[in-house]
Amino acid sequence: MLSREELVLRLFEIEAVKFGSFTLKSGIVSPVYVDLRVMISYPSLLKEVSELLWKKAEEANVQYKSLCGVPYTALPMATCISVDHDIPMLIRRKEAKDYGTKKKVEGNCEKDSVCLIIEDVVTTGSSVYETAEILEEAGVRVTDAIVLLDREQGGKANLCNKNITLHSVFTLTGVMKILVEKEKIKPNQLQEVKSFLAKNNSFKPSTIHRSLSFRERGMQKQTHPVARRLFDIMEQKQTNLCFSADVDNFAELLELADKIGQYICCIKTHVDIMEDFSAQNIKSLKELSVRHNFLIFEDRKFADIGNTVRSQYTGGIYKISDWCDITNAHSLPGPGIVSGLKSSLDDKSTRACLLIAEMSSQGNLADSKYKQSTVEMASEHGDFVIGFICTSKVSENPSHIHFTPGVKLINGVDGFGQKYLTPDEVIRRRGSDVIIVGRGITESANRIKTAKEFQEAGWMAYNRR
Ligand code: 5BU
């Protein structure tokens, strides 16, 4: 086995770590360049590195059943560990197969078993997190990741925010210190890299808003009045449960709203599935929302050009904008959809919108770039957009509220690909704010008791995070 110093010198020799002036994809000029892909041309070094990664997991006493390398550079490293130590491996596909099973993960995903992620270099931690999300969708849990080189640009803190502990064999400055000692680079190069890293850190301390209470988030200056009302209701009634009242008649909907109103902060409707829509029925729902203090959210999922959604929001037989506090829209058509919706409102302080950043259904097409663009769109329309439909927290802005559908008391999938997660997973682990529950309540033999159970589970998860 090579010593740590010898290994660093080898990495320097094969130019896996280079110093100078490099223009990165982002346009930023960096004094350091790391590319561990070259290692596959040096099998004995690859074996040494893999052994070090495995040892790191041993030292940290990580308990795991399988391992998975982040594609592509860490794949051969994970394979070496798997073969040398007889540990089952999983492979994350970069693209889901478009034929056959559409699997995103290959290998035996034993439900709820822990999978250890192996990575070559971590900068922001996003590749590790993306891999963890896909593994978790496949049913395994991720608690830890081992990386050969931490570039110290916020990845560890970002992953910690997502409840993943990152263990690194080397840090970039640690590698450089060895190279300075061995007189391969000059001390001023180390200083230069240090100040580059400090300036280019992806961890924003604002992320501490995870621990801000709903009340505090309601009090932020930029929080929209509708979001403020919702945060207030949540704290007052101690509930982050939004009931998805997917029934087809108002007698049932009004009865449910009356019976479980005390446990919810919001009721979600699909007005176009009601058999008996009428202004009078909507008036009755409004009255119940005042009596029990909850908001009304029409899950209309607008998806057209601005001019059309404007008419769909205000006109037709439903006149949605007359009665719903919150509605939602796809970001797919671009910002015109938001401008169109809000242009119809005389008073923007009483109506608000959630943008759909991702859906709860399997195989939905929202990738991380789509999510990111949706968050940017929301930020440009803070006078109307108050948050997102998503499966985990997407925005660091404490004024934004995250709503997550696909919630039941146990994980699972329905017959049409709706994926269910538990309140604890959604609120505590994934950092969302509000659980949306439909059939978890409507299909229960005792709907009132079950609604209370969801309210308690959602609130407990909020208090635990
Ligand atoms: P369920 O019975 O708890 O599966 O109902 C979930 C509700 O949330 C249902 O009304 C859906 O139309 C709605 N929904 C969803 O499930 N997933 C999404 O991504 C969005 C809405 Br957007």
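Cβ from N, Cα, C; glycine included.
Record features, source TrEMBL:
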| type | residues | note |
| --- | --- | --- |
| ACT_SITE | Asp299 | active site, for OMPdecase activity |
| ACT_SITE | Lys301 | active site, for OMPdecase activity |
| ACT_SITE | Asp304 | active site, for OMPdecase activity |
| BINDING | Asp246, Lys268, Ser360, Gln418, Gly438, Arg439 | substrate binding site |
| DOMAIN | 240-454 | domain 'Orotidine 5'-phosphate decarboxylase' |
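Here the features listed in TrEMBL are placed on the structure.
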residue : record                              : Cβ within 10 Å
Asp246  : substrate binding site              : 15
Lys268  : substrate binding site              : 24
Asp299  : active site, for OMPdecase activity : 24
Lys301  : active site, for OMPdecase activity : 14
Asp304  : active site, for OMPdecase activity : 17
Ser360  : substrate binding site              : 19
Gln418  : substrate binding site              : 17
Gly438  : substrate binding site              : 21
Arg439  : substrate binding site              : 13
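Cα distances from Arg439 (substrate binding site) to the active-site residues Asp299, Lys301, Asp304 are smallest for Asp299. Other than Asp246, Lys268, Ser360, Gln418, Gly438, Arg439, the residues of this chain whose Cβ falls within 8 Å of the Cβ centroid of the substrate site are, in sequence order, Ser244, Pro405, Gly406, Ile436, Val437, Gly440. Proximity to ligand 1 at the level of Cβ atoms, with a cut-off under 6 angstroms, picks out Ser360, Gly438 from the recorded positions Asp304, Ser360, Gly438.
Cα of Asp304 (active site, for OMPdecase activity) to Cα of Ser360 (substrate binding site): a span of 21 Å.
Of all the binding-site residues in the record (Lys268, Ser360, Gln418, Gly438), the one with the smallest CA separation from Asp299 (active site, for OMPdecase activity) is Lys268. DSSP gives Asp299 (active site, for OMPdecase activity) a strand state.
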